[in-house]
Amino acid sequence: MVTIRLHNSRTRVKEEFVPIDPGNVRVYVCGPTVYDRAHLGNARPVVVFDTLFRLLRHVYGAGHVTYVRNFTDVDDKINATALARKEAGAAGSLEDLIAERTEETIRWYHDDMDALGALRPTHEPRATAYVGQMIAMIGALIEGGHAYAKEGHVLFRVRSFAEYGRLSGRSVDDMIAGARVEVAPFKEDPMDFVLWKPSDDSLPGWESPWGRGRPGWHIECSAMSLALLGASFDIHGGGIDLQFPHHENEVAQSCCAHPEAEFARVWMHNEMLQVEGKKMSKSLGNFFTVRDLLEKGVPGEVIRFVFLGTHYGRPMDWTAEKAAGASSKLDDFVRLVAQFGNLEKAKDLQPDDVIVAALADDLNTHAALVALENLANTARYDDLARNLDFLGILSFAQLEQRIEVRDSAMQLLKPYAANLAAMREAAMATKDFAPVDAMKAGLLAAGVEVRMSKAGVELLPGPGFDAAKLEGLV
RNA sequence: GGCGGGUUGGCGGAGAGGUUACGCAGCGGAUUGCAAAUCCGUGAAGACCGGUUCGAUUCCGGUACCCGCCUCCA
């Protein structure tokens with residue numbers, strides 16, 4: 001059995017991973033709040049934890065891993081978006097518009113993350129389907145003295161949980177000292193956070209013992225992980241920006257509601273994404289979504305390949321140069337597999353030991369990519385294909401499709417190659433290479449790679465191959 | 001102000017207390033009608049200052065700079 005070691009941000013140490021139940025390894029990752037298209041930063045945890053999912057499935061068996069990633073579909077930003085639509089004259093009730101918005105966003109999210117080669121998690125619960133469980137958990141917290149109701153709100157009593165701040169390495173007193181938040185009058189303590197808040201008639205709401213209202217942020221993840229994974233599970237993941245307050249609050253809620261359990265054993269946090277060396281933000285104008293990239297012609301596998309090039313625990317810088325490099329590297333891989341590989345044989349292979357070992361070492365994806373390259377350099381093309389699939393970069397289906405496209409382009413280019421060979425033959429005798437060069441220029445403009453050697457002429461479809469531009473070439 | 005992370009060759013980016021990372025780019029050569037592709041070869045690093053050590057880029061301390069979080073942003 002492969003030994004997996006993971007950096008646990010709770011203990012700040014790389015530890016050997018020992019599942020609670022090897023027959024059912026349980027992972028929870030914070031998913032998106034579905035109010036808009038996923039931006040590129042949202043994609044990083046998806047790729048990181050998809051890679052973890054693939055590793056765990058390989059090591060423990062595909063049927064022995066439960067991966068939960070939620071959709072937070074109750075949120076004031078969603079309400080605001082829906083309200084803006086309504087004010088802009090959209091038909092339907094606010095509730096309809098909210099439902100429409102979340103449905104649409106979830107569909108987009110699936111489309112975009114599918115394009116990145118991310119497997120669908122085992123469960124993708126929606127917060128609105130677990131409001132009952134949230135209310136139950138909040139009730140238990142009040143009963144246990146960890147929460148209190150006031151003015152229609154229910155607040156978590158941070159001082160009731162001695163461990164509060166441990167996950168993120170903060171002390172409650174320090175945070176209060178440096179706090180910049182305005183303290184609501186109904187809070188016993190400035191750090192107390194909202195579990196439930198009242199909704200007026202214009203907002204979505206659920207009946208509760210504290211009146212009609214809606215859950216605060218944080219409680220949905222505690223309720224859904226409990227419902228789907230139990231009070232103790234193996235790994236909890238998300239972006240480092242969620243470590244505080246979101247994850248800290250989750251720990252507080254879950255551990256106080258279930259003091260007998262340990263909640264998440266291992267916490268994994270991915271570092272942030274930057275763009276050309278800067279934080280991605282709307283104000284800097286370098287903000288873009290996954291869809292923007294896909295539409296610009298940067299395919300999902302290129303995005304994934306670039307992501308895997310940097311360890312998840314490090315800030316990742318997205319640059320156009322990296323994307324271009326990844327693209328040409330992947331083209332090389334596809335060419336090698338197409339020319340020398342056999343996909344049917346590849347499908348019977350196991351993932352490469354070196355690559356599995358790299359992933360098992362706290363998801364050292366960069367080392368895995370180096371190993372991938374080594375497979376290419378040592379002529380192990382079937383292994384190359386197998387591991388491209390394993391890593392989720394290019395699935396067998398995608399490889400097949402790209403090889404097909406390549407093959408048909410090669411067919412198309414055959415007569416041109418013959419033609420060019422003849423012209424070159426003639427030019428060798430006359431020493432007039434002008435027509436050959438003209439033809440070559442035309443082919444290059446159509447994105448064709450032109451290779452001429454003693455052995456003959458070879459034409460290959462390059463990255464920007466455009467069959468339409470062949471028109472008019474002899 | 002509090003907390004956390006980082007600083008490796010031209011660029012990207014790893015591991016390891018003492019032996020080439022690797023990729024891209026560069027340079028030299030082979031090859032080519034010219035190229036492309038390919039192959040062979042090759043230079044180049046560890047922010048700064050101290051400490052531990054026979055030996056540190058790798059451990060410890062400090063300095064500088066950068067980044068993130070503390071605001072329902074992954």
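Glycine is no exception: its Cβ is also placed from the backbone N, Cα and C atoms.
All TrEMBL annotations are machine predictions without curation.
It should be emphasised that the depicted structure is a prediction, and the values quoted were computed from it without experimental measurement.
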If you look at how TrEMBL annotates this chain, which of A:204-208, A:209-213, A:279-283 comes out as motif ''KMSKS' region'?
A:279-283
If I go by TrEMBL, the feature motif ''HIGH' region' sits on one of A:32-42, A:307-317, A:373-383. Which?
A:32-42
On the domain 'tRNA synthetases class I catalytic' (A:17-323), the mean of the pLDDT values is 88
Could you state the CA-to-CA distance between A:His246 (Zn(2+) binding site) and A:Lys282 (ATP binding site) to the nearest Å?
23
How long is the line from the C-alpha of A:Cys221 (Zn(2+) binding site) to the C-alpha of A:Lys282 (ATP binding site), rounded to the nearest angstrom?
27
Quick one: give me the count of other CB atoms within 10 A of the CB of A:Glu250 (Zn(2+) binding site).
26
What counts of helix, strand and coil residues does DSSP assign across the motif ''KMSKS' region' (A:279-283)?
0 helix, 1 strand, 4 coil
Taking 8 Å from the centroid of the Cβ atoms of A:Cys30, A:Cys221, A:His246, A:Glu250 as the cut-off, which other residues in that chain fall inside it around the Zn(2+) site?
A:His218, A:Glu220, A:Ser222, A:His236, A:Gly238, A:Leu242, A:His247, A:Asn249
Checking the binding-site residues A:Cys30, A:Cys221 for other Cβ atoms within 10 Å of each Cβ, the smallest tally belongs to A:Cys30
For the motif ''HIGH' region' (A:32-42), the DSSP residue counts stand at 3 helix, 2 strand, 6 coil
